[in-house]
Amino acid sequence: MNEKGFTLIEMLVVMLVISILLLITIPNVTKHNQSIQKKGCEGLINMVQAQITAYQMDHDGKTPNRAELESEGYIKKNLKCPNGKAIKISNGKAQAD
């Protein structure tokens, strides 16, 4: 018998190597995903803060609330961070809730 193919031992070794690679890779992907969502939220807050400033410049320094920014098209309605946190505007400052 001179059949070519993988033995059971060879298949087990391959499965072990793949499992180890997955154990190393998955936690890193999760960690980077959380970091990306946090930075995305920070960027969105900065954008909303810039829109608050633009509104104030257009309206003689009046501090807007969220409804005013949404109704005049400065920001989209129901704007949320990538991680699901809502954007809150208080005293002219944007922050994640």
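Heads up, the Cβ atoms here are built off N, Cα and C, so glycines get one too.
Feature annotation from Swiss-Prot assigns disulfide bond to Cys41-Cys81. For Cys81 (disulfide bond), the same-chain residues lying six or more positions away in sequence with a CB closer than 8 A to its CB are Gln37, Gly40, Cys41, Leu44, Ile45, Ile87, Ala96. Taken residue by residue with DSSP, Cys81 (disulfide bond) is part of neither helix nor strand, so it is coil.
In the three-state DSSP classification, Phe6 (N-methylphenylalanine) falls within coil. A simple way to gauge crowding: the CB of Phe6 (N-methylphenylalanine) has 10 other CB atoms within 10 angstroms, across all the protein chains here. Here Swiss-Prot flags Phe6 as N-methylphenylalanine, drawing on sequence analysis.
Swiss-Prot lists 6-26 with the feature transmembrane segment.
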According to DSSP, does Cys41 (disulfide bond) fall in a helix, a strand, or coil?
helix
